[in-house]
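A.B. asks: Could you have a look at this structure, given as structure tokens, before my questions?
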Amino acid sequence: MDFRIRVYNSLGRKLEEFGTVEPNLVKMYVCGPTVYDYVHIGHGRTFVVFDAISRYLRLRGYTVIRVQNITDIDDKIIKKSQEIGKDWNEIVDYFTKDYLDMLSQLKVKIDIHPRVTQHIREIIDFVQRLIDKGHAYVAPSGSVYFDVDTYPNYGELSNTKKEEWNQGEEFVKEKKHSYDFALWKAWKPGEPYWESPWGKGRPGWHIECSTMSTRYLGERFDIHGGGADLIFPHHENERAQTEALIGEKWVTYWVHSAFVTIRKEKMSKSLGNIIPLNEAIKKWGPSVLRYWYLTSHYRSPIDFSEEALEQAKSALQRIKDSMAIIRDVISEGPKFYVKDDDIKVYREILNNLNNFHTAMSNDFDTSTALSYIHEIVRLVFSTLQYSRDFLGAMLAFETLKQFNEVFGVMDEEFYPTYDKMYKIIDAVVDIRNQLRQMKLYEISDKIREELLKAGVRILDSKDKSTWRFE
């Protein structure tokens, strides 16, 4: 089987064989949110998609370092502060907490989480170096702009002509060209600011990610990701200013996830159809939401509807139900004989596992990979639950474990938390206490013996019983 990983590179718009700058190490930067409002289900898709990509690369033996920034100073934050009359720091802290809570619930792991306001010194240094190399200039207002004409490859990533970029008229007069973009924005009364060689001001949007990505991953790394809406102007401008500074290729693969639509319409405030991620998680649960995000290839739009989430919920429950059968068969132990039909099942399971990896290796195609997992689930219900074959159950268990390592929707099936374990033991001990009060000592003694075999010792007293691990 060919398990070489191929990735669709937005730069060049084609599939390319995956390779890393450093052996067995993947360095990945994904653009995070601007924390001026609740993150929504569109953000959630990006978080989960790149988490699944990271998980699969780890499953394949790579060490992955994933950086995802938090933009905590921006025009939108300042506007929100002025509209509601609250300090911008208060707004940032509140919505950062919501964002981090959503990541935790979705089981999305970020290795480094830099905030823009903690990297102002590095941003100023980055801008100054661009000025020194002739790629940026200081305007009379104290703003600093990137001179797009000094970077000949501008537009390659987004397939956009610089002359067609309409940024509005406010700052056009002080620019060399209308398509130049701000690296540093001069201070206006009532806005937060930091001191710089060019006067009071704050960073532009694009310079933040260039600075923080190179700060933590170096001047050459493997994957730069984000939503498709960031390709232009954000990622185009990031690439221009960074490659202008370092003088060579910056990122190997540009990877972008497609939009979430609501009944075929794009989410927008004007349509009033934006769904906060916290509301979706509250209604559907993080595992169902994760599963639903990954039912579609990350480069294809995914449409949100009640029906789609119900289908995802049912499909995930069927996988979990198959795990109950698998565990039950495994608990019975090996039978020490194998039938021809059992061997056929082994081959089917292994073929589907191989197909799962083939799909995931082909541009992280979670949708196709998922279809092979459901083939294994079908075998569990149609064959394994009747044959009670130990080895078949073990193979199915291992396959679903690898599936979960990527999809992250069944952790409780494979890695029960101590909290859940304690609750189960407490419940058993409480039932045993009630049996003792009913003088059903034979049953209560049997429970004590079985718990002891499992490493849990019951401590009986006159009024009640407690427990401890052996």
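Backbone N, Cα and C atoms are what each Cβ position is placed from, and that goes for glycine too.
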A.B. asks: Give the range, chosen from 81-85, 266-270, 416-420, that Swiss-Prot lists as motif ''KMSKS' region'.
C.D. replies: 266-270
A.B. asks: Under Swiss-Prot, the annotation motif ''HIGH' region' belongs to which of these stretches: 33-43, 242-252, 363-373?
C.D. replies: 33-43
A.B. asks: To test your reading of the Zn(2+) site: which residues beyond Cys31, Cys209, His234, Glu238, same chain only, put their Cβ within 8 Å of the Cβ centroid of those residues?
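C.D. replies: Result: Trp205, His206, Glu208, Ser210, His224, Gly226, Leu230, His235, Asn237.
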A.B. asks: Show which residues of the chain containing Cys209 (Zn(2+) binding site), separated from it by at least 6 in sequence, have their CB under 8 Å from its CB.
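C.D. replies: Residues satisfying the criterion: Tyr29, Cys31, Asn69, His234, Glu238.
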A.B. asks: How many other Cβ atoms are found within 10 Å of the Cβ atom of Cys31 (Zn(2+) binding site), counting all protein chains shown?
C.D. replies: 22
A.B. asks: Please work out the mean pLDDT for the residues of the motif ''KMSKS' region' (266-270).
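C.D. replies: Average per-residue pLDDT within the motif ''KMSKS' region' (266-270): 74.
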A.B. asks: For a quick check of packing: other C-beta atoms within 10 Å of the C-beta of His234 (Zn(2+) binding site), how many?
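C.D. replies: I count 19 other Cβ atoms within 10 Å of it.
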A.B. asks: Give the residue counts of the motif ''HIGH' region' (33-43) per reduced DSSP state, in the order helix, strand, coil.
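C.D. replies: Looking at the motif ''HIGH' region' (33-43) with DSSP, the answer is 3 helix, 2 strand, 6 coil.
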